[in-house]
C-alpha cells in the first residue's frame, strides 16, 4: 500500500502550491519528511507516528494539535492536511490564520467559542499537577471574566483576538521553521 503514496503527481503539487505558501521545492522536501515520519508506509500519519518525534512527544498539547491537523477527522493525517497546517504555522502564514489555529486548540468542541470547561481542560494539559484544580479554576474564571466582553460566559474568536492578538511577538511565537 505504501508504494502508491511514494510520489506526488504534478496536479497534486500544483493544487497544494495554490492552497499553501510553499513552493514546489518546499513541498517536495516536506513530502520526503512526511514519508520518513510515515513508518508503516500507509501514506498517512498516526498519533503514534507523531509521538515518535522527540521534540513533539514532550508537548502537552500534542493530542490537540494532531486533532487540528486531522481536518477530515479520520484519525490519520494525510499529506494535504499536514501541508495545510504547516503552511499556517510557517513564517509565511498570516497572523490571523495562526490565531485561528491557536483558538482551535482551546475550542475543543469546535463550536466557535472557548467555554470555561474547555479553557480548564487545555490549561490542565499544560500545567499538569503544578497547580491544583481550585487554583486552575480561579485562573480560568478570571480569564473568562476579563475576556468575555459580551458577558455570555464564553470567549468568541473576536474576543480571543482582542485578548491576545496584540501581544508583542505573538506571530513569531506561533511560527515554526519547517525548512531546516
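Each residue, glycine too, has its Cβ placed from N, Cα and C.
Per Swiss-Prot, N-myristoyl glycine is recorded for 2.
Look at the domain 'EF-hand 1' (25-60): DSSP puts its residues at 22 helix, 2 strand, 12 coil. The domain 'EF-hand 1' annotation in Swiss-Prot covers 25-60 and is backed by sequence analysis.
Long-range Cβ contacts of residue 44 (Ca(2+) 1 binding site) within its own chain (separation 6+, distance under 8 Å): 38, 76, 77, 78. Under the heading Ca(2+) 1 binding site, Swiss-Prot lists 38, 40, 42, 44, 49.
Summarising the annotation, Swiss-Prot assigns domain 'EF-hand 2' to 62-92. Note: the domain 'EF-hand 2' (62-92) comprises 19 helix, 2 strand, 10 coil (DSSP; helix = H, G, I, strand = E, B).
Annotation source Swiss-Prot lists Ca(2+) 2 binding site at 70, 72, 74, 76, 81, citing sequence analysis. Note on residue 72 (Ca(2+) 2 binding site): other Cβ atoms within 10 Å of its Cβ, all shown chains, come to 10.
Averaged across the domain 'EF-hand 3' (94-129), pLDDT for the predicted model comes to 96. The domain 'EF-hand 3' annotation in Swiss-Prot covers 94-129.
Sequence annotations record features per position, and here Swiss-Prot assigns site 'Interaction with PxVP motif in substrates of the catalytic subunit' to 125 based on similarity to another entry. Residue 125 (site 'Interaction with PxVP motif in substrates of the catalytic subunit') carries a helical DSSP state (H, G or I).
Long-range contacts of the domain 'EF-hand 4' (135-170) within its own chain (CB-CB distance under 8 A, at least 6 residues past either end) are made by residues 95, 98-100, 102-103, 106, 112-116, 119-120, 123-124, 127. Annotated domain 'EF-hand 4' per Swiss-Prot: 135-170, in sequence order, evidence recorded as sequence analysis.
Per Swiss-Prot, Ca(2+) 4 binding site is recorded for 148, 150, 152, 154, 159. Sequence-distant contacts of residue 150 (Ca(2+) 4 binding site), defined as residues of its own chain at least six apart whose C-beta falls under 8 angstroms from its C-beta, comprise 156, 159.
The Cβ of residue 81 (Ca(2+) 2 binding site) has 18 other Cβ atoms within 10 Å, all protein chains considered. Neighbour list (residue 125 (site 'Interaction with PxVP motif in substrates of the catalytic subunit'), Cβ cut-off 8 Å, at least 6 residues apart, same chain): 60, 61, 63, 64. Every protein chain considered, the tally of other Cβ atoms within 10 Å of the Cβ of residue 49 (Ca(2+) 1 binding site) stands at 19.
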